[in-house]
Amino acid sequence: MGSSSFLVLMVSLTLVTLVAAEGVKGGIEKAGVCPADNVRCFKSDPPQCHTDQDCLGERKCCYLHCGFKCVIPVKKLEEGGNKDEDVSGPCPEPGWEAKSPGSSSTGCPQK
């Protein structure tokens, strides 16, 4: 009887801990969606954020370019986004052009 009570107690404590940790990790999600990430990584960068609440202003915590970073989200059409915005991925670095099919640099700052 004692060992079964102990087992029930341990399982209950484990479940409570997991649920509480998930609530802390999730937080409130900010508007918009993370930009597409088409970069292949050989090694992940250390995370700069864990949730949207770690990011200032409207920035979201997104996996981009091999690690979690605070980035400006892409707006969905129903959130006032522009259908001409480039939602195929991040803006190319200066001096590079988008080469993949269907990609463009529309909506990227011109330098």
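Please read every residue number as a count from 1 along the shown chain.
Note that Cβ sites are derived from N, Cα and C of the backbone, with glycine treated the same way.
Taken from Swiss-Prot, the feature compositional bias 'Polar residues' applies to 101-111.
Under the heading disulfide bond, Swiss-Prot lists Cys34-Cys62 (among others), citing sequence analysis as support. Sequence-distant neighbours of Cys62 (disulfide bond) (same chain, six or more apart, CB under 8 Å from its CB) are Cys34, Pro35, Asp37, Phe68, Lys69, Cys70, Val71, Pro73, listed in sequence order.
Cβ neighbour count for Cys41 (disulfide bond) (all protein chains, 10 Å cutoff from its Cβ): 11. Mapped onto three states, the DSSP output places Cys41 (disulfide bond) in coil. Among the features that Swiss-Prot reports, disulfide bond is placed at Cys41-Cys66 (among others), with the record citing sequence analysis.
In this structure, Cys49 (disulfide bond) belongs to neither helix nor strand by DSSP; it is coil. Every protein chain shown contributes to the tally, and the Cβ of Cys49 (disulfide bond) ends up with 17 other Cβ atoms within 10 Å. The annotation disulfide bond is assigned in Swiss-Prot to Cys49-Cys61 (among others).
Under DSSP, Cys55 (disulfide bond) is assigned to coil, being neither helix nor strand in the three-state scheme. Neighbour density for Cys55 (disulfide bond): within 10 A of its CB lie 21 other CB atoms from the protein chains shown. Look at Swiss-Prot and you will find Cys55-Cys70 (among others) tagged as disulfide bond.
Annotation comment: Swiss-Prot describes 80-111 as region 'Disordered'.
Look at Swiss-Prot and you will find 1-23 tagged as signal peptide.
Nearest neighbour of Cys49 (disulfide bond) by Cα distance, taken over the disulfide-bonded residues Cys41, Cys55, Cys66: Cys55. Within 10 Å of the C-beta of Cys34 (disulfide bond) we count 16 further C-beta atoms, all protein chains included. The disulfide-bonded residues near Cys55 (disulfide bond), taking a 10 angstroms Cα-Cα threshold over the set Cys41, Cys61, Cys66, are Cys61. The local packing around Cys66 (disulfide bond), expressed as other Cβ atoms within 10 Å of its Cβ over all shown chains, amounts to 14.
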